[in-house]
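Worksheet for the structure shown next.
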Ligand code: FAD
Ligand code: NDP
C-alpha cells in the first residue's frame, strides 16, 4: 500500500496498474481482441493507446469518407486534419499579418508595405504539417502495437465487427469491449445548391482557390473562427447568424466578441437564414436569404459559401441496430461511465449525446475509460468546468458558468459579478483598439466567494484561462484570487485586480495600466 501511495504521488501510478493488470487482461480474453475502437480521432486513439499500455490487444478502425467537394485526409480524426490544428495555424497566420503592421509602429523597417498573404503557400505549409502528424500517428500506433486498419467498421452483433480490406475482402472479428469514437462531420442545410456549391470546415484548410468574398453561414465556434482568420488574411467575410452569436455562451461576452469582429470589418447578416445557392454566369455564387425578423428576402453574390451550421454524429455506417445501441439525434446515448445501452459497448468524444465537442474532452474520457476497462481504475470523466476558447483575433476563453447560468441556478441575489476592462501594455504603441478587452468573474455572493465562472476576451485567452481552470476546479475563491500576486505587466494579472462589482455600478474602465 505504501509503495502504491508513493508511486501514485511520484506519477508512476500507471506502472503499478500495468503490473497488476497486464497479465490478467491477456489471459482472460476469449475474443479476437480485448478492445476494438471504431474511429481513429482524438478520443479513439487516446483510448486505444492507453489500453495497450495495460496489455490489452487493441484494433482501431478509422476511415474518412471524402467530402462532397472531394477533400479527404489521413488518420488522426477531425482535430488533426480539419479542426483544431489547421484552424490554429490559420489563426496564427492571420495574427501574424496584424503583427507585421504592429512591428512598423514598434520601429521595425518593413520594406514591403504591401504585405499580402499567399493563400496557396499557406495551405501548402498547413497541409505539410498535417501530413507529418499523420505519419507520426501511424508510427506511434505501430510502435505501441495498436493494430490500425483503414476501413469503415460496423456491427454484425454486439461483440462482432465487420470491415472491408483494401482488396475488398470482407472480414469479421470479435471484441470483448467496443468503443465507438466515430466523431462527426459538418452538416449541410437542406436547400438548393448547398452540397454542390458550398464547402465546409472539412474543405477550407486545403482549399486550392483563394476564398475571396466569403459567406460564412453559422455563428458558432467554427463560423466565427473561420470568418476571423479569413478577414485577417485579407478576405471579405460575412457571417450569417440564424438566432444569436455563440448560443450557449455568456451573452455579454458573446456580444462583445461580435462587436469586436464588426469593428474589424466583418459583416453580419443577423436573424437571417439561407434559402438557396446558385452559380452565376460569371462563376460566382448567388445566395438567396431571408431575414426572419423582418420577413424580407435578399440576395448577394459571393466567391465562397462556407456552411458552419454544426455537426452531425457519424453513426450512419455503424449498424448500431445489430448491437442494440441506443441513439438520439445521430448521437450515442451513454451513462456516467460512457457505457451505452449495451454494457460492453462504450462511446467517447463528439459522438456522445449532450457532452462538449472538444478534443481534450475526447482524449481524457478515452484514457480514463481504458484505465477503467483494463487497469482496474474507477476514475470517471468529469465533464464539468471544461475550459474552452474561441480563437478569434481577440480570443474569448472561459471556464465554468456563464452569468446567465449562475443567475438561473443560484438566483441573481446570490451571485456577485466582478468585472473590468483592461488595456494591454503592448496595444498602446500600435494604437490597437482595447475597447473589447474585458474580463469577469462570476462568484457566489457570500463567504470567501467561490468562483463559479471566469470569462476573458483578449490576447492569448486560451493560455490565460488554462491555469485559472485548474484553480477553479480546485475551489478558487475571490478572496484567493485577490490575494494572488499578479505577474506584471501581463493581461492575465487583471484577474488578480478584479475589485469592481457589477452591482456597485462603478465604471470598470481602468485609469492607467499600473495602479
Ligand atoms: P474525430 O476526431 O472526429 O474522429 C473520428 C474518426 O472516426 C474520424 O476519422 C472518422 O472519419 C472516423 N470514423 C467515422 N465513422 C467510422 C466508422 N464507422 N469506422 C471507422 N472509422 C470511422 N476542439 C478543441 O478542443 N479545440 C479546438 O480548437 C477545436 N477546433 C476545431 C475546429 C474545427 C473546424 C472543428 C470542426 C472542430 C474543432 N474542435 C476543436 C473539435 C475537435 O476537433 C473534436 O472535438 C475532436 O476531434 C473529437 O474527437 P473524436 O475522437 O470524438 O472524433
Ligand atoms: P455550433 O453548434 O457551435 O454552431 C452552429 C451554428 O450554426 C449556430 O450559430 C446555429 O445557430 C447555426 N445553424 C444551425 N443550423 C442552421 C441552419 N440550418 N441555417 C443557418 N444557421 C444554422 O457548431 P460549429 O459547427 O460551429 O461547431 C461544432 C463544435 O465543434 C462546437 O460545438 C465545438 O465544440 C467544436 N469546436 C470547437 C472549437 C474550439 O474549441 N475552439 C472550434 C470549432 C469547433 P443557432 O444558434 O440558431 O442554432
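Every residue, even glycine, has its Cβ placed from backbone N, Cα and C.
Together with 218, 219, 220, 221, 222, 223, 224, 225, the NAD(+) site in TrEMBL holds one more listed residue from 153, 283, 298, 310, which is 310.
For ligand 1, the recorded positions lying close by, meaning a CB under 6 A from one of its atoms, are 84; the full candidate list was 84, 218, 488.
Among the binding-site residues listed (153, 218, 222, 310), 222 has its Cα nearest to the Cα of residue 84 (disulfide bond). For the domain 'Pyridine nucleotide-disulphide oxidoreductase dimerisation' (386-497), the number of residues in each DSSP class (helix H, G, I; strand E, B; coil) is 38 helix, 33 strand, 41 coil.
Minimal Cβ crowding within 10 Å, among the binding-site residues 153, 218, 220, 310, is found at 310. Maximum C-alpha to C-alpha distance over the listed NAD(+)-binding residues 218, 219, 220, 221, 222, 223, 224, 225, 310 is 13 Å. Listed in sequence order, 41, 42, 85, 359 are the same-chain residues six or more apart from residue 79 (disulfide bond) with CB atoms under 8 A from its CB.
DSSP gives residue 153 (FAD binding site) a coil state; it is part of no helix or strand. The maximum pairwise C-alpha distance among 88, 153, 350, the residues recorded as binding FAD, is 30 Å.
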